[in-house]
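Engineer: So TrEMBL has the following annotated:
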type	residues	note
TRANSMEM	24-48	transmembrane segment
TRANSMEM	134-155	transmembrane segment
TRANSMEM	257-276	transmembrane segment
TRANSMEM	282-300	transmembrane segment
TRANSMEM	341-365	transmembrane segment
TRANSMEM	380-405	transmembrane segment
REGION	487-512	region 'Disordered'
Amino acid sequence: MAGDEETTTTTTTTTATLETTSTWAVACVCFILIVLSLLIEHALHLLAKYFNKKRRRSLIHALNNVKSELMLLGFVSLLLTVCQKYIAKICIPRSVGETFLPCKTLTEGDSEEETKCEEQGKMSLLSSQGVEELQYLIFVLAFFHSLYCVLTFGLGMAKMKKWESWEAETRTLEYQFTNDPRRFRLIHQTTFGRQHLRYWSEHWLLRWPACFIRQFYRSVSKVDYLTLRHGFIMAHFAEGSNYDFQKYIKRALEMDFGVVVGGSFWTWSFSMLFVFFNAHVFYNYLWLPFIPMVMLLLVGTKLQGIITKMCLDSHDKALVVRGTLLVRPSDHFFWFGKPKLLLHLMHFILFQNSFQLAFFTWTWYKFGFRSCFHDSTEDIVIRLVMGVLVQILCGYVTLPLYALVTQMGTSMRTIVFTEGVVEGLKRWRRKAKKNIALRNNQSARLSLDTSIDNSPSFNTLDTSFSLDLDQPSSDAGYLTVEISEEETVATKRPEQPQKLGSFEGFDLCKTS
């Protein structure tokens, strides 16, 4: 009978497509996404206008690098969306696909593409679900890398805030009396000499451990800052100059921030190696999180060693100092004679550490806190502790030390002058070239392009300018600065400059 029979109801659920979705729902979701995107774009535009108003072109460059990085990751995400089914259709032998797994157990997929591969006795190269999860990783990585760089440089700038008081102290009568050039002292009697000329300074086996320890409790001391400032000014400016060294370091660090906040081919290549080594057979949590920490400590030790070697170099050249101990900037103190190498190492450290934290956050969000990616407590503790320690140590200890020491190379950078002065000099140079061309007759103007490279006097007039920053006496000489589009500028002191005019309080001179 019908009342006594048991009825079985089967329901089948299918994924709803746009054909079976209300148009108001589609329109609302699209409208919300468009509004959010426009708000983010407008916020970045306002930030760029603020930097432009403050004439912080290096920060505008950093913001453009962030936009380029986001655009790159967005393009990768778009490619993954378009090629999702095509990637899943690529079948590989099961013996190959079951190697280097992040988890010890293998889960089978149920998509149409994976089913076709299983019918052939193979498996999909990357399942459709895996492609979707990879897109989440891309967005998390973009967010973490930008946030991590901002926090790191924010910590560094906060610590370097006290350098303003040190810079202001150099303009006091007490500082000028203490460092009077007419006072003579033995190098061991100076504070800088007593700090760095120890029994361990002469032997590199003892110097490296001492410099390693010093970076933790005295990364940048007041005497180090004042001594390196004095050496920089004596190498590139007139003695007794009131040049604001602290603002120069700040501008240099902002320019370096524009490099670090972006990505490069080799940083992405190492990131892919990090993904590869996440296979469970490598036990990567025992060694991979320590790589950024070891590199950071190595860079900090090298920077401290450079300061000590500069003191030893001054000691070898003179036992008696006049006024302040004079250190001589030179590229040979740095690895391979390239101060910029330290910037690339800092870039690698920040990128890899942010990538590891982003990867941990992604696995936590997608697979849970106790997934097969982090199946042991030691794994979780090591990754979190190393990530936080590298963040604090890099921002508060190594970054200020890097900002100071890397200015002690042979050449100074173009940002030694403010952007207004550099732009004014370039305008003056273009105007001078135009006036010279107008004075020549038609035949001279036609041969100008072929003779300009072969005429030493004319070439010197086109590319060299002399800036008397502190208007020294005639016997003190002038500082000749070659203004170019490169990052560094070369300096020299001609004996008899020919004055051409002045610009914003600076004397502009032709050199022979």
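Numbering starts at 1 and runs along the chain as displayed.
Including glycine, each Cβ sits where the backbone N, Cα and C put it.
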Engineer: If I count Cβ-Cβ pairs under 8 A between the transmembrane segment (134-155) and each of 282-300, 341-365, 380-405, which range comes out on top?
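Structural biologist: Highest pair count goes to 341-365.
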Engineer: Sort out the residues at least 6 away from either end of the transmembrane segment (282-300), same chain, that have Cβ-Cβ distances under 8 Å to it, and list them.
Structural biologist: 212, 215, 219, 274, 342, 345-346, 348-349, 352-353, 356, 374, 376, 378-379, 382-383, 386-387, 389-390, 393-394, 397-398, 401-402
Engineer: Looking only at residues six or more beyond either end of the transmembrane segment (257-276), which have a C-beta under 8 A from one in the stretch?
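Structural biologist: Same-chain residues near the transmembrane segment (257-276) but 6 or more away: 58-59, 61-62, 64-66, 68-69, 72, 100, 145-146, 149-150, 153, 288, 343, 346-348, 350-352, 355-356, 359.
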Engineer: With Cβ-Cβ distances below 8 Å as the criterion, list the same-chain residues six or more beyond the ends of the transmembrane segment (341-365) that contact it, or say none.
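Structural biologist: Apart from its flanks, the transmembrane segment (341-365) reaches 136-137, 140-141, 143-145, 147-149, 152, 256, 259-260, 263-264, 266-267, 270-271, 274-275, 278, 288-289, 291-292, 295-296, 299, 302-303, 334-335, 371, 373-374, 383-384, 386-387, 390-391, 394, 398-399, 402, 406.
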